[in-house]
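Just below is one structure, and these are the notes that go with it.
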Amino acid sequence: MAPASKADKKAAVDAAAWLFNVVTSVGIIIVNKALMATYGFSFATTLTGLHFATTTLMTAVLRWLGYIQPSHLPFSELLKFVLFANFSIVGMNVSLMWNSVGFYQIAKLTMIPVSCLLEVVFDKIRYSRDTKLSIAIVLLGVGVCTVTDVSVNTRGFVAAFIAVWSTSLQQYYVHFLQRKYALGSFNLLGHTAPAQAMSLLLVGPLLDYWLTNKRVDRYDYNMGSLMFILISCSIAVGTNLSQFICIGRFTAVSFQVLGHMKTILVLTMGFFFFGKESLNLQVIFGMVIAVVGMIWYGNASSKPGGKERRTHSLPVSRQQKHGTLSESTDPSGKD
């Protein structure tokens, strides 16, 4: 009876973590779209820096209150993570500017195969045939939903390549660092958020000027735009935290696969906000395929042999001998 109740509790926490991530991610997309479309605030990289500055403030308060215990992350690991994360952010922004929307969406879809490759190479993960097929169905469905015009150029391809690999490495590294150094989501954010905030706030204004030919310090700030920036930063704390929780509890691949539910929700909400033009028969067909693939993936990857690590043990730091916070990860690496 006890194992069943433990499994039920884990399932409930897993569902809550996914719901938390979906709600905050969709929420921040809506707020940022309003901020950029209504108020013309087009400084995406600087805004991301402000998001991490707010997250840094949150982790500092939690540490002061005693909710985050002291922990250690080697500087070399922190540096690698920040490089992956910042190249991901910059790469995505540049890729969107240099590529057609269709190629940008295709590039995003390739993150799942790349994440799978990283897990196979570094974690010795083995996927069953059903798990592989379910991932392919999800990719097909989301592709049908989102990919329209597709054109590619050399610089756009390079930007997309950097964005895909850096994002996949960043998400893989979240799971890797939490397991290797026994870091909870709050602890890892406490290490990474300050470095990302500082670096993005230094680079962001320059990059945004290069991308938009506008200076963030000359933007016409008003009460409306400041309110939306504040709301965006507040939601971003939840988005950053929920991403670390979800990847820590699952893996980067599962986060990518099931994360496409957010794409489905954004498309559906677009129908209610913008009318029938945003939800045609092709989009509905793709959404149905993607949802079927997600359900199949959840079922296939949870079965014995669906997704398992071959005989391989990850080096663990001494820190695991001491109690740390909070969202502990499954050492088996299974979903």
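Every residue number used here counts from 1 along the chain in the order it is shown.
In case you wondered, yes, glycine gets a Cβ from its N, Cα and C as well.
Automatic prediction, not curation, is the source of TrEMBL annotations.
As recorded in TrEMBL, the features of this protein are as follows:
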- 314-335: compositional bias 'Polar residues' (COMPBIAS)
- 23-297: domain 'Sugar phosphate transporter' (DOMAIN)
- 302-335: region 'Disordered' (REGION)
- 12-31: transmembrane segment (TRANSMEM)
- 43-66: transmembrane segment (TRANSMEM)
- 78-96: transmembrane segment (TRANSMEM)
- 133-150: transmembrane segment (TRANSMEM)
- 156-174: transmembrane segment (TRANSMEM)
- 186-206: transmembrane segment (TRANSMEM)
- 226-245: transmembrane segment (TRANSMEM)
- 257-275: transmembrane segment (TRANSMEM)
- 281-300: transmembrane segment (TRANSMEM)
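Spatially, the transmembrane segment (226-245) is not adjacent to the transmembrane segment (133-150); fewer than three Cβ-Cβ distances between them are under 8 Å for residues at least 6 apart in sequence.
Listed by sequence, the residues of this chain that lie at least six past the ends of the transmembrane segment (156-174) yet keep a Cβ under 8 A from its Cβ atoms are 80-81, 83-85, 87-88, 91-92, 94-95, 98-99, 103-104, 107-108, 110-111, 114-115, 118-119, 122, 188, 243-244, 247-248, 252, 255-256. With Cβ pairs under 8 Å as the measure, the transmembrane segment (78-96) is packed most heavily against 186-206, out of 12-31, 43-66, 133-150, 186-206, 281-300. Counting Cβ pairs closer than 8 Å and at least 6 residues apart in sequence, the transmembrane segment (133-150) and the transmembrane segment (12-31) reach fewer than three and form no contact.
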